[in-house]
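In Swiss-Prot this protein carries:
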type	residues	note
MOD_RES	Lys54	N6-acetyllysine
BINDING	Leu121, Gly125, His126, Leu127, Ser355, Pro356, Phe357	(6S)-5,6,7,8-tetrahydrofolate binding site
SITE	His228	site 'Plays an important role in substrate specificity'
MOD_RES	Lys229	N6-(pyridoxal phosphate)lysine
MOD_RES	Lys250	N6-acetyllysine
MOD_RES	Lys285	N6-acetyllysine
MOD_RES	Lys354	N6-acetyllysine
MOD_RES	Lys375	N6-acetyllysine
Amino acid sequence: MLKREMNIADYDAELWQAMEQEKVRQEEHIELIASENYTSPRVMQAQGSQLTNKYAEGYPGKRYYGGCEYVDIVEQLAIDRAKELFGADYANVQPHSGSQANFTVYTALLEPGDTVLGMNLAHGGHLTHGSPVNFSGKLYNIVPYGIDATGHIDYADLEKQAKEHKPKMIIGGFSAYSGVVDWAKMREIADSIGAYLFVDMAHVAGLVAAGVYPNPVPHAHVVTTTTHKTLAGPRGGLILAKGGSEELYKKLNSAVFPGGQGGPLMHVIAGKAVALKEAMEPEFKTYQQQVAKNAKAMVEVFLERGYKVVSGGTDNHLFLVDLVDKNLTGKEADAALGRANITVNKNSVPNDPKSPFVTSGIRVGTPAITRRGFKEAEAKELAGWMCDVLDSINDEAVIERIKGKVLDICARYPVYA
């Protein structure tokens with residue numbers, strides 16, 4: 001018999017200490033990694049539920065195990081909410097991650113060796129969009145497209161590459177691009193050569209759900225996303241589509257299970273269902289609008305302080321600061337800001353002279369600080385502190401002074417009150 005009062009603290013002090021230290025770190029550090037966010041206690045309640053015990057290979061109503069009548073309800077709720085939120089007529093909530101959702105699309109629609117057009121990682125793409133170290137770059141013939149001198153997607157070059165290489169699939173989406181993608185233009189290019197348009201909206205799904213960023217679902221053959229990041233749910237993946245054939249949807253389902261995964265994580269799917277319901281609330285739209293406002297406010301300060309921002313601004317939740325002219329590396333900036341309790345990630349910038357392990361830039365995102373309650377005034381103040389650190393990157397007194405300010409504002413704006 002398992003006693004409900006069993007706990008980690010009494011049983012595994014070493015593990016519990018690390019967990020508690022991470023809790024403190026999250027409360028005492030300002031989180032600016034664009035792919036990170038704080039999920040609600042309701043989502044964590046779902047993830048810590050007894051649903052974790054249940055195997056449920058298959059799909060609602062078509063399981064390979066018995067005893068699935070209640071997890072069927074859970075998964076169907078998540079499916080229905082995903083379809084409603086994004087205006088889709090197909091949803092698969094089983095992918096364990098965004099990368100596995102992307103793997104599903106590749107295996108459902110392509111054969112190894114097929115040609116794919118994907119955004120260059122150095123220009124803002126993602127590992128799964130064709131990086132040579134990833135399955136996508138190893139199994140498929142990847143042709144990269146990128147951004148122009150203004151920092152925006154070069155659609156003319158994309159169209160030229162498409163007509164020249166005749167890819168079977170074009171990938172839209174990004175991990176470090178601060179502009180608005182013209183999904184209709186991408187579909188037009190895909191249709192002109194008979195290619196699939198696959199959109200990975202992992203970074204902007206929350207903005208899309210709130211109507212703050214254009215929805216790719218009506219334009220793409222298939223859309224994937226993570227359920228964390230701007231969507232603020234549990235770590236996981238999601239596949240969506242609209243107007244496709246039953247044959248396409250069967251291919252996608254089969255590529256998830258049994259093609260790429262076994263049993264779904266029902267406790268995580270419950271967390272997805274909660275997050276999707278939360279994303280339908282009016283306050284979620286207000287939150288996403290503030291995410292975008294805060295990003296613009298921070299960019300304004302960086303530009304005023306003489307820092308170069310890729311594309312000159314942002315139209316979503318993130319932006320890239322190019323440090324080449326400052327003779328700083330992303331690695332140095334990341335470390336110095338970290339000592340001030342400000343967490344960012346080093347990031348390559350277009351035409352970066354440094355390696356991906358060093359880089360010449362940092363990526364800044366506002367979902368997490370906005371979740372704490374920051375508005376434009378706090379975002380601008382924070383950007384100023386970051387510039388202070390970067391201007392005096394070797395001055396530990398400056399870094400310590402900013403750390404004190406960070407601790408103070410974190411205490412005033414706790415993650416979990």
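Positions of Cβ are set from backbone N, Cα and C atoms, glycine also.
Sequence features, as recorded in Swiss-Prot, placed on the structure.
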| residue | record | DSSP (3 states) |
| --- | --- | --- |
| Lys54 | N6-acetyllysine | coil |
| Leu121 | (6S)-5,6,7,8-tetrahydrofolate binding site | helix |
| His126 | (6S)-5,6,7,8-tetrahydrofolate binding site | coil |
| His228 | site 'Plays an important role in substrate specificity' | coil |
| Lys250 | N6-acetyllysine | helix |
| Lys285 | N6-acetyllysine | helix |
| Lys354 | N6-acetyllysine | coil |
| Lys375 | N6-acetyllysine | coil |
Hey, of the binding-site residues listed (Leu121, Leu127), which one tops the CB count within 10 A?
Leu121
Nearest-integer angstrom distance between the alpha carbons (Cα) of Gly125 ((6S)-5,6,7,8-tetrahydrofolate binding site) and Lys250 (N6-acetyllysine)
28
Compared by Cα position, which of the recorded positions Lys54, His228, Lys250, Lys375 is the closest one to Phe357 ((6S)-5,6,7,8-tetrahydrofolate binding site)?
His228
Measure from the CA atom of Leu121 ((6S)-5,6,7,8-tetrahydrofolate binding site) to the CA atom of Lys354 (N6-acetyllysine) and give the result in Å, rounded to a whole number.
14
Which one is closest to Lys285 (N6-acetyllysine) in space, judged by CA to CA distance, out of the binding-site residues Leu121, His126, Leu127, Ser355, Pro356?
His126
Among Leu121, Lys229, Ser355, Pro356, these being the recorded positions, pick the one whose CA is nearest to that of Lys375 (N6-acetyllysine).
Lys229
Record lists Leu121, Gly125, His126, Leu127, Ser355, Pro356, Phe357 as binding (6S)-5,6,7,8-tetrahydrofolate; longest Cα-Cα distance in Å?
16
